[in-house]
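Report on the following structure.
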Amino acid sequence: MNKKTIAMLGAGSWGTAVAIHLAKIGHKTLLWSHNPQHVALMAEQHSNPAYLPGIPFPENLIPSDNLIECVQSANYVIIAVPSHAFAEIINKIPKPTQGLAWLTKGVDPASHELLSQLVASRFGVDFPIAVISGPSFAKEVARFLPTALTLASNNTNYQKKMHQLFHHDNIRVYLSDDLIGVQLCGAVKNILAIACGISDGLGYGANAKAALITRGLAEMTRLGLSMGARQDTFLGLAGVGDLVLTCTDDQSRNRRFGLLLGREVPIPEAEHQIGQVVEGKHNAAQICAIANKNRVEMPICEQINALLHGIVHAQEAVNNLMSRPAKEE
């Protein structure tokens with residue numbers, strides 16, 4: 001395919017990893033950060049030592065702190081900022097010519113809306129969008145290790161273009177039109193990863209972790225179906241694939257955060273030790289609010305939210321889950 005210019009808005013570990021992938025396969029890639037000092041450091045060291053150390057940038061990956069210039073000079077725009085910054089970014093940028101894609105996993109903390117709803121309000125309901133999700137750690141993508149992703153979109157033409165943009169020998173992209181399901185999977189799995197980390201931090205073993213993953217998948221699916229998502233999405237890469245990866249591997253910052261909480265490390269200190277945004281912490285209250293609105297029971301997410309707000313401690317949260325009334329699976 002013809003090589004394009006890509007604007008990657010967000011220079012954390014995941015945005016940087018995907019920017020490296022796109023640059024390696026030949027696309028000129030502009031990597032935007034809001035921090036001029038961060039941009040200067042990346043330009044000087046030809047890498048991102050703050051978020052993805054030890055992985056050099058290709059020559060066609062260019063750091064920038066000029067948001068508008070990046071968007072206006074790009075053929076395609078991809079957002080990779082944390083969910084709490086997503087609304088601010090889309091309100092600052094001009095309307096992209098082709099459409100808008102994002103790697104962000106979460107919901108808007110202010111409105112409790114899915115990110116696709118924010119984009120529809122800003123650029124129109126028919127504006128082409130794409131959500132890229134699935135089981136993928138930044139370091140492995142940046143190192144060109146095999147990865148499979150889900151790309152959900154509301155526009156088949158735009159989806160085809162984004163598929164061509166990403167697909168390569170090391171990345172296989174599967175297509176979906178279930179924007180609701182893919183977005184919910186990305187948000188809820190982070191909360192469940194915190195739960196699994198807490199369980200392991202408490203020393204509860206493999207049985208408890210398997211139960212949390214399985215019952216967590218049931219919670220995620222119930223919420224999605226209540227909002228119009230498709231069940232098969234939750235059994236795919238964006239659902240069970242990303243859930244298992246995030247809950248079981250210590251590359252997951254949400255899981256590591258949970259491990260610290262299970263070992264009785266205070267929340268502020270745990271966040272400090274992780275050193276990057278813990279999306280599950282930010283999204284727990286929002287997911288619980290969405291569940292309440294849709295009258296969906298999500299006991300694991302509810303207990304994690306209560307723990308994060310100081311209402312229960314880790315052992316008490318486990319006791320509350322284990323003492324729930326008996327029910328059919």
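Note that Cβ sites are derived from N, Cα and C of the backbone, with glycine treated the same way.
The active site, proton acceptor annotation in Swiss-Prot covers Lys189 and is backed by sequence analysis. Per Swiss-Prot, the feature NADPH binding site maps to Ser13, Trp14, His34, Lys105, Ala138, Arg253, Val277, Glu279. What Swiss-Prot lists as sn-glycerol 3-phosphate binding site is Lys105, Gly134, Ser136, Lys189, Asp242, Ser252, Arg253, Asn254, and the listing cites sequence analysis.
For Ser13 (NADPH binding site), the nearest of the recorded positions by C-alpha distance turns out to be Ser252; the candidates were Gly134, Lys189, Asp242, Ser252. All protein chains included, Lys189 (active site, proton acceptor) registers 30 other Cβ atoms within 10 Å of its own Cβ. Checking Cα-Cα distances from Glu279 (NADPH binding site) against the binding-site residues (Gly134, Ser136, Ser252, Asn254) with a 10 Å cut-off leaves Asn254, in sequence order. Just so you know, the Cβ of Trp14 (NADPH binding site) picks up 24 other Cβ atoms within 10 Å once every protein chain is counted.
Using Cα positions, the member of the recorded positions His34, Lys189, Val277 nearest to Gly134 (sn-glycerol 3-phosphate binding site) is identified as Lys189.
Taking Lys105, Lys189, Arg253, Val277 as the recorded positions under consideration, the smallest Cα distance to Asp242 (sn-glycerol 3-phosphate binding site) is found for Lys189. Among the recorded positions Trp14, His34, Lys105, Ala138, Lys189, Val277, the ones whose Cα sits within 10 Å of the Cα of Asn254 (sn-glycerol 3-phosphate binding site) are Lys189, Val277, in sequence order. In the three-state DSSP assignment, the secondary structure recorded for Ala138 (NADPH binding site) is helix.
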